[in-house]
Amino acid sequence: MNANPATLSERRKTLLVVGLGVSGRAACRWGLRQGYRVHGTDAATQEALREALAPLEKEGAAFSLGEHRLQDFLEADLIVVSPGVPLNLPALEAARRTGVEIIGELEWAWRYCRAPVAAVTGTNGKTTTTELIGAFLKEGGMRAFVGGNLGTPLCHWLAETGNAPSEGAVDWCVLEVSSFQLDTASTFAPTIGVVLNVTPDHLDRYPDFDAYAASKFSMFRESPGVPQTAVLNGDDPVCRTWAEGLKARVLFFSRSDPEAAASVAEGRLLISLPDQPKKTFDLSRWALKGVHNLENLMAASLVASLCGVDPDAVQRTIDSFRPSAHRMEWIATVNGVRFVNDSKGTNVGAVAKALESCEAPVVLLMGGRAKGTDFRSLGPLCREKVRFLVAFGEAGPQVAADLSPFVETVTVENLDQAFREALRRARPGDTVLLSPGCASFDQYANYAERGEHFRQLVEGLKD
């Protein structure tokens, strides 16, 4: 819970929102509710954003589209930056020199949020874990807002529930948070913070891996009135290293350490908290495949226990929870070939976890827009699991160059061509897996659009 919510005396007159995607539009809406004069800016054209911005224009917001005008930045009293906006924009640098405060939507919303927050970050598994925590809380009869980076921004929830949500409006806010959001959060300090894993990603944005890791752990900070608990992956070496310097209470979940606060053994999940009786849960009806989903489950169950969810509610959720779309989502089996959509797998670590979850042989579809990472670390796993690799999109040539020493590979331009090639190569018993290991922005608006395209291609086989 934020112990120092923003007050009327702290509100600024002119708000500039940079980047008008879902997060930016939510910040605009909250600014209007707070009485700001709201101005938004985006490099996208008016034609591309007209429909999405129309409701905000009716409420009085103004917009500069197609370019970022320096004057807008210099006239602002507060600048809220959307997660995908580069922080080294020349106009932002100029505004920074004037002393104007520059923060992100997460940070701004946090300053007004009266509910305790459980925040989930990590390179992979954030969305599944966030949704699972929300499912545990709701099954346990608690009121929970579930959002953040996975869909509904916290600013949107604030705008919908009123200017100053009362104590008890919800029992918990459960938020997926990305490193980009944490980069612009100077006071954000959730009551419970979860770090699932830290592997190389977004190295096109960070100077090195250490800077990326530091971003993930920046939410653990001394904050008056907000005692923190850090729920960390005890099997992740980066988490183990960072745990040593944290002032928060640290609880580990682990597949290898039976003494961890959350562990698994012989088809059962064990929760061992110092101030609570030990709890045991049956995993025979747990539907999500892969060791990474066991890690997600351990983390989420540990958070649920910390929040006071009844053990029976935890067991019911374990038995009934199903994964979201685009995350190791089985689409169909056609002529003996399984088709799995893992479009959310946008980095090397995610591809590795996807392959570990699949039984060989796999026809793997990888590609999109590279994020500064090296694909060669996937080589041994590809040699073990992948019978054929189809590389597509901007990163296709790099994917092929890095992995062709390990697996037979072909390069094509787009997902349509990749799908046709996969059909040509797949045999009964194979799994055709879309796990791109790259961002989608070379050819799609987001990973969901890419995943829906894949789903349509598979559905077309049934006609």
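Using N, Cα and C of the backbone, Cβ positions are placed for all residues, glycine too.
Positions annotated as ATP binding site by TrEMBL: G122, T123, N124, G125, K126, T127, T128. Taken from TrEMBL, the feature domain 'Mur ligase central' applies to 120-304. Summarising the annotation, TrEMBL assigns domain 'Mur ligase C-terminal' to 326-436.
TrEMBL feature annotations superimposed on the structure.
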residue	record	contacts (Cβ under 8 Å, 6+ apart)
G122	ATP binding site	T129, V194, V195, L196, N197, V198, K216, N233
N124	ATP binding site	L196, N197, T199, H292, G345, N347, G349, A350, K353
G125	ATP binding site	L196, N197, H292, N293, E295, N296, A299
K126	ATP binding site	V120, N149, L150, E176, V177, S178, L196
T127	ATP binding site	L150, E176, S324, R327, K344
T128	ATP binding site	L288, N293, N296, P323, S324, R327
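T127 (ATP binding site) falls within a helical segment according to DSSP.
Per-residue pLDDT, averaged along the domain 'Mur ligase C-terminal' (326-436), amounts to 92 for this model. Cβ neighbours within 10 Å of T123 (ATP binding site), excluding its own Cβ and spanning all shown chains: 26.
For the domain 'Mur ligase C-terminal' (326-436), DSSP puts the residue distribution at 40 helix, 32 strand, 39 coil. Same-chain residues that are not part of G122, T123, N124, G125, K126, T127, T128 yet have a Cβ within 8 Å of the Cβ center of the ATP site turn out to be V120, T129, L196, N197, N296. Under the DSSP three-state reduction, G122 (ATP binding site) is assigned to coil, being neither helix nor strand.
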